[in-house]
There are 2 protein chains.
Amino acid sequence: MGLSTTVDMYKHELLRALAIGDQAALDERLPEIRSADLAEILEHLIEDDDELKTALELLQQLPVERQASVIGHLPGDEQEKVSDAIKDSQLVRILDRMGSDERADIFKVLGDDRKEALLRRMAHREREALKRLASYEEGTAGALMTSDYVAIPADLTVAKAMMRVRQTAPDAETVYQLYVIDDQGRLAGTMSLRQLMVARPQALIDDLMIRDVIKISVDVDQEEVARMVARYDLLALPVVDADQRLVGIVTHDDVMDVVESEATEDIHKGMSIGQLEDGVSRVPLWSLYRKRVTWLVLLVFGNLFSGAGIAHFEDTIAAQVTLVFFLPLLIGSGGNAGAQAATLMVRGMATGDVGVKDWGKLLGRELLVAGSLGLTMALAVAPIGMIRAGEAVAIVVAISMVCIVLFGSLLGMCLPFVLDRLGWDPATASAPLVTTLIDASGVIIYFSIATAILSGVG
Amino acid sequence: MGLSTTVDMYKHELLRALAIGDQAALDERLPEIRSADLAEILEHLIEDDDELKTALELLQQLPVERQASVIGHLPGDEQEKVSDAIKDSQLVRILDRMGSDERADIFKVLGDDRKEALLRRMAHREREALKRLASYEEGTAGALMTSDYVAIPADLTVAKAMMRVRQTAPDAETVYQLYVIDDQGRLAGTMSLRQLMVARPQALIDDLMIRDVIKISVDVDQEEVARMVARYDLLALPVVDADQRLVGIVTHDDVMDVVESEATEDIHKGMSIGQLEDGVSRVPLWSLYRKRVTWLVLLVFGNLFSGAGIAHFEDTIAAQVTLVFFLPLLIGSGGNAGAQAATLMVRGMATGDVGVKDWGKLLGRELLVAGSLGLTMALAVAPIGMIRAGEAVAIVVAISMVCIVLFGSLLGMCLPFVLDRLGWDPATASAPLVTTLIDASGVIIYFSIATAILSGVG
């Protein structure tokens, strides 16, 4: 993890003060440093230099609220190491100061014995809430949400609701959106604090609230959560269970992290890399190997088709060895154009810009664009063919280029739709897969054209 | 653009009601449909079916506030078409109802004559604000920010500040974060509405506000804006000019769109596709061609090196044509592994997970992982070599596989760092570029090993 200059400077100051026992310097500096930055310093200490002890000493210098906030900003691995090193009584106090979603995240990384020990130290209600939040599957709305929201009944007046907001303010994740629930705990409406502030104090929430609430089900994928929040510009999205009971909210800041990590996942998938559980600089080597090897080996066998194609045309090649000169160029170009087309489609589908219904229209567009690309590249390569191997080979190479680029682009464009239809993730149409498929087809197209044209010539 | 089932259903209902003049149905349905969804229906009408007239009729059915909101949700192209079709007097009323950032966005797409005509209809102050907001370069904090924030002086009491919030509530983009400015307009502090609500009414803002405000300069890249908002979990980020004067704020919802579009840009760059000004289904064909062709043609010439490598080893190939069988497989595998390594680095650098300082550590890791990958793939390919061409070729192919995968991975890993050092965007180390480089090196590695081993055998 690369530290920014400011954070790096802070790190060195803090370590120096800690080493020489300069308490005054620590007391002056620590309150200035934001929790996110302090978390980065701790992370750096733990992962790179294995200075867990120093990290813990630094943490001890902070008030417990700040400890909770800093630990909340750490990545999973470092949360685990730090939590394991803190004793039960202190950890319970820290967990108590965390938002319910962060508390559940920490809880998930602990061992079973530790979980039991901590739960015994909690009040019944807290215990049940924590167990419930920690039980949702990673990557769903449930795993992302917090239970620290402001819920009010519909029969409150505006003035009373304002008082409720003031009371809840210290604990709630956000007080800017209120959720109205009925006596069954079902989500009945919502109101923003802004609306509340400009309303008549005696007015009833029931008369003011918006009844048509944008909400999401607890088991929905986090990608869909992010899409809803972005589409409707929400501060928070309420999460309901199968009985429409409000069980939590997902706030905008948590969604922002999802958007970034989903984009990373998509980028990695586009290069046939499995989902990493952490950043590339932190993930264990064995895991990095495993996430990369599967497709690489599968594609080795895919590439055998190209070899088989070549073997089939061995006579044509032997008659005119110079054809091999243009082979990497032709299949490489087809692969590149095809990978571009696939990438455009996969990303378009991921962001919702492209739907399966648009297939026909996009096919027509791709036909035009890829045709033009193929012609341009044929023009670029034809003179080289002329110089190197004469007119006949130049014609073969130029025609092959147009055909291969056109075929590759259409294959790259269609594959994500086909995969989607089969119920697969369109992102499986990664660049390496598309390239491998086009390589094999390119060999056949090239040597078929060569055999057809050159057998007449030779 | 693919419409979701619900939105598609709404579209058909609305069009039907419009066609048969069923005003009652329109009056019932329209208020139910959210602005983002209505914008999607209009977009669909305009781009796919060229039904601009129908779209405008639908728009006319809405109160002017809703018109503003719906137009604000449209993509740039459609905003332009709709604005061009609305007459000045109505457009001024619509602009008046928009947030200052959305107003500036619309303003930017208008022709110069139109701009002048509209500005003449505005009050002096509004005119200046609009001209200023529209003047910032696309992709900077300035172009992203709104000037509709709540600014208060430090000598206000909490009670007075609350009153100010109530007054500003209808116009401000967010009232949940207040910005304290001094008499020079400089940003002096900040306070959240939540803090304000729990403070004593007689207390002075000056005593309560946070002075160490997280802020950003107006000309900073939007990617950095997004990183700050995500890192510090902000609702809004204040933007200051060179004199530290507060000039606007960027809100969380605008940042969310940035994260998504930056991710798309990175994904496209990773496949050597230039930055598209719109979604792939909407961007003009000529533009799509241009953004794809440059690198494709450059890479044609890159691929010539592979051809040249093959030409250089023509004797080895002629002596053992069966070597060509394994060529696509070997260079394809090296390219895939290298593209994976490059993608991991480029994305790591973009998200801030990997810094230039980590280069040494990452090199060691990649050496281990790529070595293991190469060995695994050599084991997969060796038996095929045995069956097809005997022991000698199997040994050549296995050794080549390890060397090419190792070399490819290291090249893919190092290239982004080298580019970054040279002041280039690391994302230029795209999969097609990496693959092309590895193709050429792979040819040389493979046939060198073959020549060395087989010349002894043959």
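Glycine is no exception: its Cβ is also placed from the backbone N, Cα and C atoms.
Pulled from TrEMBL, these are the features on record:
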| type | residues | note |
| --- | --- | --- |
| DOMAIN | B:145-208 | domain 'CBS' |
| DOMAIN | B:209-265 | domain 'CBS' |
| TRANSMEM | B:293-313 | transmembrane segment |
| TRANSMEM | B:325-346 | transmembrane segment |
| TRANSMEM | B:367-387 | transmembrane segment |
| TRANSMEM | B:393-419 | transmembrane segment |
| TRANSMEM | B:431-454 | transmembrane segment |
Notebook entry, point to check: By Cβ distance under 8 Å, which residues at least 6 away from the ends of the transmembrane segment (B:431-454) in the same chain are close to it?
Noted result: 270-272, 295-296, 299, 302-303, 305-306, 308-310, 312-313, 316-317, 319-320, 323, 326-327, 330-331, 334-336, 338-339, 342-343, 392-393, 395-396, 399-400, 403-404, 407-408, 411-412, 415
Notebook entry, point to check: What stretch, picked from B:293-313, B:367-387, B:393-419, has the most CB pairs under 8 A with the transmembrane segment (B:325-346)?
Noted result: B:393-419
Note to self: Give the nonlocal contacts of the transmembrane segment (B:393-419) in its own chain as ranges (CB under 8 Å, at least six residues past its ends).
What the structure shows: 320, 322-323, 326, 330-331, 333-335, 337-346, 349, 356, 359, 362-363, 366-367, 369-371, 373-375, 377-379, 381-386, 425-429, 433-434, 437-438, 441-442, 445-446, 449-450, 453-454
Checklist line | pLDDT averaged over every residue in the domain 'CBS' (B:209-265) | finding: 92
Notebook entry, point to check: Against which stretches of its own chain does the transmembrane segment (B:367-387) lie, if we need a Cβ under 8 Å and a gap of at least six residues from its ends?
Noted result: 326, 329, 333, 337, 341, 393-399, 401-406, 408-410
Item checked: Residues of the domain 'CBS' (B:209-265) by DSSP state, where helix covers H, G and I -> 24 helix, 16 strand, 17 coil
